[in-house]
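One structure is given here, and the rest of the page talks about it.
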Amino acid sequence: MAQCLPTFPDFSWEVRANDRAYHMQFKKRVSFCLTKRKYADNAIKTGKYNALTFLPLNLYEQFHRMANLYFLFVILLQVRSCWREAGDSWACQASTRLWACGAERFLPALGHPGKVTCEEPNSRMHSFIGMLEWKGEKYSLDSEKILLRGCRIRNTEICYGLVIYAGFDSKIMRNCGKIQLKKTKLDRMMDKLVILVFLVLMIASFFLAVACGIWAEKFRQDHSYLSTFYAKTSPIEQAFFTFWGFVILLSIIIPMSMYITLEFIYLVNSFFIDWDVEMYYPAKDTPAKARSTSLNDQLGQIEYIFSDKTGTLTQNIMTFKKCCINGIIYGNLHQKRVSLNLNEADFVWNPYADKNLEFYNPLLLEAVRQDDNPVVREFLRLLAICHTVMVEEKDSQLVYQAASPDEEALVMAARNLGYVFLSRTQDTITVSELGVKRTYQVLAMLDFNSVRKRMSILVRDPDGKIRLYSKGADMVILTRLHENGANEKITEKALDSFAEETLRTLCLASKEVKEKDYTEWSKKHHKASIMLENRAQELDKVYEEIEKDLKLLGATAIEDKLQDGVPETIQLLKKGNIKVWVLTGDKQETAMNIGFAYVRVSFLSSPVPLLSLKDKILCTGEVVKKKKENFWKRMLCCKVEVQQEQESLLEKAFMNLATSCQAVICCRVTPKQKSLIVQLVKKHKNAITLAIGDGANDVNMIKTADIGVGISGQEGMQAVQCSDYALAQFRFLQRLLLVHGRWSYLRVCKFLRYFFYKTFSGLMSQIWFAFYNGFTAQPLYEGWFLALYNVFYTAYPVLSMGLLEQDVSAKKSLQFPELYRMGQRDEFFNYRIFCLTLLHGTATSLGSFYIALWAFEDKVGSKVVGDYESFAVTVATSALLSVITEVSWVLLTCQRGREYASKNALTDPYVLLIILLSVVANTIPSLTFRFVRVIMGKSTIHQVSAALAELRAHFQRGSMQRRSSYAFSHKEGYADLITRGASLRGRDSLGLSATPVPVFRSKKRKIGDAAPQTVHAVQG
């Protein structure tokens, strides 16, 4: 997936400078016979609704929940006019128009009209092909000559631009997905259960209505003296009206109060996330934030995590740690400065030294200041000269802007050691060497690319000598040395040592070039640089001719700082059966080093071969092959893409390959490709996914995943604004999922289970009562009881369970992440548990009804309270106390109802004995069954025996090919811009900002074995 074959776009996009009338005349067909302007304006609507679409879209989203349709049906059936106003009035916002920031511009120095012909708007972020016609000449355009929306121009006072793509035609908007309505797995299951219960309700009402018709006909025959009452109504008509009466009577089986209470539970659990001080980041004063209140339970069922790298897993900070010069290794003794009695006075000789430097070695500092070692001098001179870093002065301080953080770290290291990069022009570079300014003439810059894995610069020093300085991956530098001596072997051992510490390594070499050799090579270089075809290949051949017979100077080691707790978090997530995929826009080589950086958590436990598919599944965010259009679709003017069977097979093959791996790292992916990868997993694995990122390029992925988490990092707040949950650090993800997510899922599942149980237990007696009232749909309970049963009488026990239930503590949840797997397997609430709950509630209702009926056959007690209302009160109280006892939270001490019936029934000892008998008969069997299963250690007791895993590094370095990570991650710099002078004006440093591309590292640490422990999680 890292590299895909380019598609061939249609070059029909023509843009003319300062000619609005030309662009206004073009139209394009949208659907049917509707058309719109071909060239979009620069207005971007960020509001979800407008005044016309708010009501229909909001209703459409509300009725995605099947229960709302059910309640609407019941309300219409009861002929109640109940209008609900939308609570989210603020959601209907006016469209926000962003002017002058939604365009993507080509940046020539246009003084008068020009025309650009290029490819149609597309989502390919890394490619652009076009042609500029200006002053009768034609110039080729590529991705280096276009400024994408969201990018900034720095160190440039004035420039001229031509807008190529505007508004929704811009590449970043083409990569942005639509806002999708997110529903949890439990929500989708509840929709199916609502349909199932509704069907059962209709079937039961139908049979009860048929029984009513039969009973009415038989009653008419047996009691002819009452035939007058049935003279105008036939048994069929009576059954028809009775059918709807039973539908209304039994509709409370799915109460609206359950969904209202559930929303309240979601809200409070969201507050628990916001209030968790363990997820508070004091460095930025940033707490965790639950931006969505309806997805908490899904946090306990995540199976796949898709993570960005830069800024999400890393701090975006590079540190120069060690170096090897002429066979001598100089480590970082910064922590020992106090014991050596050194202070800032030691750096008075260097006014450019960084007071916060992290690399310090007194031996190297002494060697530098003595200035008697030519290898040390050349080593530091190479670091100060061989790069594409830009420099500017702000507040009397030098500020460096590098194409990669590695280069900045190297230049800063040289600066702190007295070799300071001061300025550069198109053909010169000025360096302060131990306080002496020296200007070098730049003869050629041999820039870095992923194939060469090295960078070189050819300069003429103030003494007139020509020197070549090269730096790059060890496997390319060591093979181009003039000879292999003792220092080379020591350097190789040092590289192995650096690699074992997961440091990013780099080799440095140089040589002196004769004037004659340079003259001949310069001609070849000029000839290759002006070629129109195969220019890059020819330049590489020319570079090879001069980059040989080098002399090794040494090696460097740079640490890419991870965020705190990242390896431990990934380890815990893996134990919880959560797969972590890293989706990065970096090159393939960088992705390899990401895996090597995680050896301590077995992210890649051993060197693995790279697998590539000849047939690409996803290619630059676009479909590789054009789909065939259906004839009828073409007739309707609708361009519908038909999914081909071959592509479906390729997707399945990719998913089978990817899911069989312990970890997956996708490189060179665009924002749209990140979204497509998430869609693939959701489609083929039917898994719950979570996406986490910190930048605008992660927004599409965050919106596509079932759960989106935004990191409030250094790349702005775009990801946070589009996320469901916001965190300050990646490590907080373990507590969000393993603690809050698992608790929320457990609470919601138990709430649903016991809410259904108490509803079935208390209200299914209406069905049994129908067999004794002639199937007339006469209610057993009074209206007040039906209204207060779910809202008041039984609300507190299930609400407390939904808010406060914890099977294990937070500490145990993190200590035993294997407990998280129960949520992935839907163990707390599924169709089997629902059926058991239905049977349990049915049994409880049967016990409450028929025990009371048996006792009320003739008369009850001394006060003769055998009336219908007393019987109803007895059944209701029996069911209510059975439910309270079953949930085991609180006992009901009083019940208010109609004074006469309650006073007579509930004060009679005989009635109280009936209620007690019903409660015992209803609860003893289930409680005994659970107690026996607990003793026998069955499935209701989840035992997790686990030992704290020892985190060991399996990083094997058997060859040089996996040692260097610097050159793998480094990307092309500003060499071409510098040599052409396109980014320089005099001594100023002009250029475009670039996003740093760090990789991972992990600190070496041993964790001892711990004795096996067992934790019991009792499922209620």
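Here, residue 1 is simply the first one shown, and the rest follow in order.
In case you wondered, yes, glycine gets a Cβ from its N, Cα and C as well.
According to TrEMBL, the feature active site, 4-aspartylphosphate intermediate maps to ASP308. Contacts of ASP308 (active site, 4-aspartylphosphate intermediate) defined by a Cβ separation under 8 A and a same-chain sequence distance of 6+ are given as VAL582, LEU583, THR584, ILE692, GLY693, ASP694, GLY695, ASN697, ASP698, MET701, in order along the sequence.
TrEMBL lists ASP308, THR310, ASP694, ASP698 with the feature Mg(2+) binding site. The Cβ of ASP698 (Mg(2+) binding site) has 30 neighbouring Cβ atoms from other residues within 10 Å, across all protein chains displayed.
The annotation ATP binding site is assigned in TrEMBL to ASP308, LYS309, THR310, GLU407, PHE448, LYS471, ARG504, THR584, GLY585, ASP586, ARG668, LYS674, ASN697, ASP698. Counting every protein chain shown, 25 other Cβ atoms lie within 10 Å of the Cβ of ASN697 (ATP binding site).
Here TrEMBL flags 529-556 as coiled coil. A mean pLDDT of 84 is what the model gives for the coiled coil (529-556).
The domain 'P-type ATPase N-terminal' annotation in TrEMBL covers 24-79.
The domain 'P-type ATPase C-terminal' annotation in TrEMBL covers 720-887.
Among residues of the same chain six or more beyond the transmembrane segment (193-216), those with a C-beta under 8 A of the stretch's C-beta atoms are 66-67, 70, 230, 235-236, 238-240, 242-244, 246-247, 250-251, 253-254, 767, 770, 774-777, 834. Feature annotation from TrEMBL assigns transmembrane segment to 193-216 (among others).
Annotated transmembrane segment per TrEMBL: 239-262 (among others), in sequence order. Only residues 6 or more beyond the boundaries of the transmembrane segment (239-262), in the same chain, are considered here, and those with a CB under 8 A from a CB of the stretch are 67, 70-71, 74, 77-78, 194, 197-198, 201-202, 204-206, 208-210, 212-213, 216, 748, 751-752, 755, 759-760, 763-764, 766-767, 770, 775-777, 779, 786, 790-791, 795, 798-799, 802.
Annotation source TrEMBL lists transmembrane segment at 751-771 (among others). Note on the transmembrane segment (751-771): residues 186, 190, 204, 208, 211, 246, 249-250, 252-255, 258, 261-262, 265, 777-781, 786, 789-790, 794, 797-799, 801-802, 828-829, 833-834, 837-838, 840-842, 844-846, 848-850, 875-876, 879-880, 882-883, 886-887, 922, 1020 of its chain, located 6 or more positions outside it, place their CB under 8 angstroms from a CB of the stretch.
Annotation comment: TrEMBL describes 783-804 (among others) as transmembrane segment.
The transmembrane segment feature in TrEMBL is assigned to 829-851 (among others).
Annotated transmembrane segment per TrEMBL: 871-892 (among others), in sequence order.
Per TrEMBL, the feature transmembrane segment maps to 912-932 (among others).
Packing around THR310 (Mg(2+) binding site) is summarised by its Cβ count: 25 other Cβ atoms lie within 10 angstroms of its Cβ, all protein chains included.
For GLY585 (ATP binding site) paired with THR310 (Mg(2+) binding site), the C-alpha to C-alpha distance reads 9 Å. THR310 (Mg(2+) binding site) and ARG668 (ATP binding site) are 13 Å apart (CA-CA, integer value).
Cα spacing between PHE448 (ATP binding site) and THR310 (Mg(2+) binding site): 21 Å, rounded to the nearest whole number. Between the alpha carbons (Cα) of ARG504 (ATP binding site) and THR310 (Mg(2+) binding site) lies a span of roughly 16 Å.
It is ARG668, among the binding-site residues ARG504, ARG668, whose Cβ has the fewest other Cβ atoms within 10 Å in the structure shown.
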